[in-house]
Structure formats: C-alpha cells, structure tokens
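Per TrEMBL, the feature N-linked glycosylation site maps to Arg152. The site 'Required for activity' annotation in TrEMBL covers Arg152, Arg159.
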Amino acid sequence: MAGATVKPTPLLKDELDIVIPTIRNLDFLEMWRPFFEQYHLIIVQDGDPSKIIKVPEGFDYELYNRNDINRILGPKASCISFKDSACRCFGYMVSKKKYIYTIDDDCFVAKDPSGKDINALEQHIKNLLCPSTPHFFNTLYDPYREGADFVRGYPFSLREGVPTAVSHGLWLNIPDYDAPTQLVKPRERNTRYVDAVLTIPKGTIFPMCGMNLAFNRDLIGPAMYFGLMGDGQPIGRYDDMWAGWCTKVICDHLGLGVKTGLPYIWHSKASNPFVNLKKEYKGIFWQEEIIPFFQSVNLSKECTTVQHCYIELAKQVKDKLSQVDPYFTKLADAMVTWIEAWDELNPSGDDSAKPANGTAK
C-alpha cells in the first residue's frame with residue numbers, strides 16, 4: 001500500500017515467546033500491541049476449558065487449555081497446577097524458543113518519569129543479553145549499561161561477568177505485597193521509579209514475581225517450574241516464589257546470573273487480600289523453614305545440567321521439607337515428573353539439556 005511504513009524488526013523477534021496465563025479475554029494486549037505484535041504468544045488458559053478466550057486480531061498466538069495440557073502430557077499433566085496462574089509454566093515447556101517473557105493480564109504499559117511508554121520487553125532483552133556480576137557487587141549497579149562502568153576497586157578478573165539467565169522486572173502502582181501487608185496498607189501504591197538494574201549476589205535468594213519476568217530458556221528453562229498450587233493444593237501464591245528459589249540456587253551452582261530492577265510495568269489492580277490470605281497462610285509459616293533450607297542447599301559437582309540439579313534438589317526437598325508438611329513429598333514428586341515431561345517434549349538434542357555456559361561451583 002502506498003505510503004505504508006515498514007515496522008522495524010524488534011530484538012529477538014524469532015527467538016522469544018511471550019507466555020500469558022489467563023482466565024479472561026485478552027483485551028489488555030491492545031495496549032501492548034506496539035511492543036508485542038511481532039512476537040509469538042503462548043496463551044495458557046486456566047480454569048474452564050469450554051470458555052472461549054478472545055484474543056485481539058493481528059497477534060500470532062497458540063492457546064492451550066486444560067484439555068490440551070492433559071492430551072499433550074497424559075498422566076504427567078498432574079504436575080501442572082489447575083485454577084492457578086502457576087499453569088503458565090506449561091507454556092515454558094512447549095515453547096521452542098531460546099527466550100521467554102511472561103506477563104500477567106492485569107499488567108499494563110507503564111510510563112517512565114518523562115512520560116514515555118516503557119517497552120518492558122526490550123529492556124528485559126537488554127538485561128538478558130548483557131552479563132551479570134554475581135561474584136562482586138558493583139556500586140554503580142549494572143556496569144554494562146550505557147553511562148556506567150566498573151568502579152575503582154572492582155577486580156579486573158571478574159569484569160567479564162557470567163551469562164544472565166533471568167531478568168526480574170518490577171511494577172508501578174500496585175506493589176506485589178503479601179496478604180498481611182495488603183491488609184495493613186490497603187491504599188499503598190508504588191510511585192517510585194528507580195532507574196537501576198542490579199545483579200543479585202551469589203548466595204542470596206530473593207522473592208521472584210512471575211508477572212513481569214524474562215529468562216533464557218536454554219540456560220535455565222527446566223528449573224522454571226511453578227510448583228503445585230491452586231485447586232486441590234494447601235497453598236497458593238507461592239508458585240513464582242518456589243520457582244525463584246529453585247532457579248537462584250541452580251544459577252549459583254552453574255555460574256549463571258540473575259538481574260532485578262528495570263523494566264517496570266503498570267500493575268493495574270490489587271487482588272483481594274482476604275482471598276490471598278487464605279491461599280498464603282500456610283506458606284507464610286512454611287517459608288520460615290523453606291528459606292533456610294534453600295540458603296543451605298548444596299548441589300554436588302556431578303550436577304552439570306539444569307535437569308541434574310533439579311532432580312537432586314527434588315530429592316533434598318523430599319528429605320528435608322517433608323517433615324514440615326506432607327505436601328512437600330507430593331511437590332518433590334511433581335518436580336521429578338516436571339523434568340520427565342520437559343525432557344519428553346524437549347529431547348536431549350535441545351540445548352537446555354546440555355551443560356550451562358557457566359561453571360559449576
């Protein structure tokens with residue numbers, strides 16, 4: 001058509017999938033159209049599979065509901081949560097791309113302090129394509145960003161960094177609080193835009209939020225299991241936390257990096273704190289024992305792939321956390337089932353089954 005403008009090809013257009021868990025029509029994609037339209041979407045429909053999910057025209061997508069998950073995984077579908085956004089990890093498993101970006105359907109485009117729309121996906125890609133520095137903290141934050149560098153006193157032997165496996169973004173407006181904090185601060189909103197990206201130091205675990213998250217699937221994909229949550233389970237809202245704890249321990253072991261900070265999205269609505277409390281209350285107690293467990297996890301040198309690490313971690317979960325609650329025996333078994341299902345859909349020729357580019361500790 002005369003006068004038509006050719007859209008520039010975005011970064012990693014053919015190497016990245018966007019995974020979205022949902023129970024509703026995806027009208028929110030209209031706001032993201034300028035940034036997402038040229039990428040492939042994997043939509044994981046939660047809840048009633050007979051419900052029709054409407055996707056705006058012009059997007060390239062595949063949609064999986066519970067019937068599809070059961071058909072593709074058979075008995076192993078038991079490891080995928082039902083009636084919980086943890087089902088998103090099925091999208092990670094069926095993707096064939098090197099990178100994944102996952103976002104919730106109540107997350108909108110945020111604006112930076114100048115009023116410009118933030119291309120969250122582009123910033124995540126920049127984070128993933130630059131090294132991380134988990135072994136020594138740089139006081140100017142990410143030294144690879146334009147306008148920054150390594151500060152005086154930073155060892156030259158560590159300036160090469162390590163491959164970045166995870167980019168963890170943040171949120172303006174509704175913060176990602178737990179139910180007790182929501183209840184005592186019902187009107188609190190995050191208005192602070194901090195222009196920084198940091199590498200989370202080796203040996204430090206963190207609360208990973210899955211609503212604005214990107215990762216290198218080839219490097220860490222099999223560890224991004226969001227656990228057993230939701231329908232029939234005694235806990236919810238710890239799916240991304242569990243994945244984050246497991247992933248960070250494995251990244252530390254394999255010599256990979258995790259970044260947090262930019263980009264921001266606009267989190268549009270707060271979930272019901274009373275419903276959240278019902279989902280979280282066991283986790284609030286359990287995490288006081290779960291976190292020391294992850295802080296003390298030691299993986300053997302024989303664990304040179306993500307899958308090997310994850311299977312060994314599952315054994316330790318069963319040995320150490322089953323005494324906290326029988327749920328962890330079930331979860332540990334599901335972790336093994338997840339890896340079996342991953343390997344079936346991603347045969348050993350896949351890069352994710354090969355040793356990571358970092359070095360085991």
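The backbone N, Cα and C atoms fix where each Cβ goes, and this holds for glycine too.
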Count the other Cβ atoms sitting within 10 Å of the Cβ of Arg159 (site 'Required for activity'), across every protein chain shown.
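Around the Cβ of Arg159 (site 'Required for activity'), 15 other Cβ atoms lie within 10 Å.
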In whole Å, note down how far the CA of Arg159 (site 'Required for activity') lies from the CA of Arg152 (N-linked glycosylation site).
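Cα to Cα, Arg152 (N-linked glycosylation site) and Arg159 (site 'Required for activity') are separated by 12 Å.
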How many other Cβ atoms are found within 10 Å of the Cβ atom of Arg152 (N-linked glycosylation site), counting all protein chains shown?
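So the number of other Cβ atoms within 10 Å of Arg152 (N-linked glycosylation site) is 6.
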